[in-house]
Amino acid sequence: MTFKAEYIWIDGTEPTAKLRSKTKIITGQPAGLDALPIWGFDGSSTNQAEGHSSDCVLKPVFTCPDPIRGGDDILVLCEVLNIDLTPHASNTRAALAEVAERFAAQEPIFGIEQEYTFFQDGYPLGFPKGGFPAPQGGYYCGVGADEIFGRDVVEAHLDNCLKAGLAISGINAEVMPGQWEFQVGPVSPLEVSDHLWVARWLLYRTAEDFDVAATLDPKPVKGDWNGAGAHTNFSTKAMRESYDAIITAAESLGEGSKPLDHVKNYGAGIDDRLTGLHETAPWNEYSYGVSDRGASVRIPWQVEKDGKGYIEDRRPNANVDPYVVTRLLVDTCCSALEKAGQV
């Protein structure tokens, strides 16, 4: 027998990488990740190589059922390697794997809230051509054809993620018309990142069938309209047991150069979204607070009440690389917790 394997990878486009994929026909029974062959592609067409030395290598790192094709067909997320099998410069997963392994004993886990916006014919869904809809207010978690746009795509995407076995944990309509969110986690750093990249691919691929485009642009409409983020919820074993560890983690993100070190890697266009308006903190200031959606980092009220839990970094853009944001949070917070003896 044969089956189709859709090899998916992250390209070298700057400042925001794109997803690419192509299909390999494999003979035999599906036998898991380790049985999948490495493959290759033309890196000169993906901003990952020069034409005179264009070969790049695809190494499978995660696989799941293909919910669109069905049957025995699979999706295969890959790392990009050089031909000497070292990580390619665009491969951010390899660096996360090292940091995640170093701090594995602290048991870090993540939940990421992926916001995105639907466009059709150059306009956000729900925006009249050449004009604007009613101001924000009734769209968030709304219901009804006058306030909700694209639900058929959202439901199809949710079903596809569930069929694929991804760790998707919810969906909701967002503040701007045509803007939605899905959540992945809580799971380990590598798992949340792998699953989010595949969920993004499924979002684009599902929307294709509806002749709709999905964008992770952090500020898709200028003016008094919310941007799109990827709020990143994070905890360690100590944070899930102690409020002191929560404070240590929140404080560590504001120390020295850490605020800028993080923000400059939280997605292109961060200054367009983090203005201090529309439930954001200014990009060049750091703050944290309980139940404060205008802070850089929010401590949920339930966490303060329970004396344990997690923090929400509200700064990452919708277009952030999850391998990068999880690596930075694990490195900064786990280092501080280790130094404080809160492990």
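The backbone N, Cα and C atoms fix where each Cβ goes, and this holds for glycine too.
Lifted from Swiss-Prot, the feature list:
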BINDING   E113, E115, E174, E181  Mg(2+) binding site
BINDING   E279  L-glutamate binding site
DOMAIN    3-87  domain 'GS beta-grasp'
DOMAIN    92-343  domain 'GS catalytic'
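Features per Swiss-Prot, on structure.
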residue : record                   : Cβ contacts under 8 Å, 6 or more apart
E113    : Mg(2+) binding site      : E181, F182, Q183, G229, A230, H231, T232, N233
E115    : Mg(2+) binding site      : E174, Q179, W180, E181, L216, A228, G229, A230, A318
E279    : L-glutamate binding site : V175, N226, R293, G294, R314
Inset, instruction - Determine which residues of the same chain, besides E113, E115, E174, E181, have their CB within 8 A of the center of the CB atoms at the recorded Mg(2+) site, and list them by sequence. - result: Q114, Y116, N172, Q179, W180, F182, Q183, A228, G229, A230, H231, A318
Legend entry - In three-state DSSP terms, the structure that E279 (L-glutamate binding site) belongs to: coil
Inset, instruction - Tell me whether E174 (Mg(2+) binding site) sits in a helix, a strand or coil according to DSSP. - result: coil
Legend entry - E174 (Mg(2+) binding site): tally of other CB atoms within 10 A of its CB: 21
